[in-house]
Amino acid sequence: MRNNVIFSMLGIILNTIIPIITYPYVTRVLGVDSLGIYNFYSSASTYLILLTNLGISIYGIREIGRFRNNVKQISRIYFELLSINLFMCLLALCFVIYVILSIANPKDSFIISWFYLSVLFTCVGADWFFVALEKQKYLLIRNVIVKLLSLVSIFLFVTDRNDLLIYVAIISLSTILVSCCNVYSVLRFVDLSECRNIHCLRHIKQLMGIFIIDISYRYLGLVDVILLGIWGSKWDVGIYSVALKVVLLCIQFFNILATTLLPRSSFYINNSEFLEFEKLSRKSVQLICFLCVPLVIFVFYCAHYIIYFLGGADFKDSILALKILSFSILFAILYNTIIFQILYPLGRIKSIIFVNTTGIIVNTILNYILIPNYHYIGIAYSYVITFIISLIIICIINIEDVKFIFTHRMLSYLVASLVVFVFNLLVFMDTILLVALDALIYFFVLYCMKEEFCVNAILYINGIRVRFLRKNNN
């Protein structure tokens, strides 16, 4: 299980590094106009994937995870969800054909066609099936090979402003190759004879629930930015978006923990192993608190270094926005973990939808009040407050389901954070040195309080040191 989390995080790192390598090159070669066309259709295809997926990527992980040891059940579920996905892709095809016929530019039609193939093969590839079976190692190896091939292809074949179609084709072909690998690998885990015994309609009600959750979850960081453009200005959007991307990357990195552990949680619940489920969820929340508190401190105090690295001096106004948004990291990750690792496996769909909807209403009201007067600073405060309120509400209305995660060990993170906060009020020094001292103080306080992860980390490091010394002595 620990290896699966590591493989998943390495996958996130890979997906982050590759664009960092290719983006400067592609920007210079293709130019602003071509890149604008690509980003427009890429964004459209992202929304098309969201609609055609219909929440299957999350729902499939839970359902396959519940019956992971039953080949007939997982085969039936796989074929049922795949059939629903393909039907949605067929509806999307009708829309794409209409768009192509409405466009006079043949080049745009080819670009749209390539992106539709990406949408289709993303659905067929069904990454969620392998996540549910905890095959993250396979997913990582596959992604490394395909990403490297696409990286080399971009540098070899995209050489001037007229190569936009080639660039789109390379990106789409990488998706197609990934999906073909998945289809081939799926055959090792499913019974093909079960494709005759499918009943797709039994999933629709629950899929609608998770689809609504998915849509409402994407409101923050998407629709609220649109509201900033309407009630504020395009300049505000540009400044805010840079800070938001940093925070979303941190949140995404830790959200992979909840997604990776979702099939295991579903399996424990389906087999009535509630003590194991509580133990897994409790450790997950403790690990998040253990790691996220120093991450928040780092992002807050190093905000100016991060912004200058990403955007340069032109985006110096993003520094304050990032400092404000940094406080949302812990609350957002805890909120997502409680939803997808605890409440969703327990089937608390209505509760999740209610809290997400409440969060949207609160966020919209706050934005309406704050954006006209405080612009990008206002939306940053709104973002943080929304997650704090949502976390409080979801814990209150589901207290019987989540009370087991609140142990005395949670106090150790609060105490360590307060010690660091007081230290920062009393000491003035270079930012990098201050952050390093903050980390040392934080982990030292936790070690003194015998916090589990901190003690285990010290023992692990000490074990490596002892083995190294023994090896040198021999």
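Glycine is treated like the rest: Cβ placed from N, Cα and C.
Listed in TrEMBL for this protein:
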type: TRANSMEM; residues: 7-26; note: transmembrane segment
type: TRANSMEM; residues: 38-61; note: transmembrane segment
type: TRANSMEM; residues: 82-104; note: transmembrane segment
type: TRANSMEM; residues: 110-133; note: transmembrane segment
type: TRANSMEM; residues: 164-187; note: transmembrane segment
type: TRANSMEM; residues: 207-231; note: transmembrane segment
type: TRANSMEM; residues: 237-263; note: transmembrane segment
type: TRANSMEM; residues: 284-307; note: transmembrane segment
type: TRANSMEM; residues: 319-340; note: transmembrane segment
type: TRANSMEM; residues: 352-371; note: transmembrane segment
type: TRANSMEM; residues: 377-399; note: transmembrane segment
type: TRANSMEM; residues: 440-461; note: transmembrane segment
Considering the transmembrane segment (377-399), which listed stretch of 110-133, 237-263, 284-307 counts the most C-beta pairs under 8 Å: 237-263
Stretch with greatest number of CB pairs under 8 Å, the transmembrane segment (440-461) reference, 38-61, 237-263, 284-307, 352-371 candidates: 284-307
Remote residues contacting the transmembrane segment (284-307) - C-beta distance under 8 A, at least 6 residues beyond either end: 242-243, 246-247, 250, 254, 257-258, 261, 315-316, 318-320, 322-323, 326-327, 329-330, 333-334, 337-338, 341, 405, 407, 409-410, 413, 416-417, 420, 424, 431-432, 434-435, 438-439, 442-443, 446, 451-454
Positions on the same chain near the transmembrane segment (319-340), where near means CB under 8 A and six or more residues out: 58, 213, 239-240, 242-244, 246-247, 250-251, 254-255, 257-259, 262, 284-285, 288-289, 292-293, 295-296, 299-300, 303-304, 306-307, 352, 376-377, 380-381, 383-384, 387-388, 390-391, 394-395, 398, 402, 405
Per Cβ pairs under 8 Å, the stretch of 82-104, 110-133, 237-263 packing most closely against the transmembrane segment (207-231): 237-263
Tertiary contacts of the transmembrane segment (38-61), as residues 6+ beyond its ends and Cβ separation under 8 Å: 30, 77-78, 81, 84-85, 88-89, 91-92, 108, 111-112, 115-116, 118-119, 122-123, 126-129, 131-132, 164, 167-168, 203, 206-211, 213-215, 218, 259, 262-263, 266, 340, 344
Outside the transmembrane segment (110-133), six or more residues from its ends: residues with CB under 8 Å to it: 37-38, 41-42, 44-45, 48-49, 52-53, 56-58, 60-65, 68, 74, 78, 81-82, 85-86, 88-89, 92-93, 96, 99-100, 103, 139, 164-165, 168-169, 171-172, 175-176, 178-180, 182-183, 185-186, 189, 259-260, 262-263
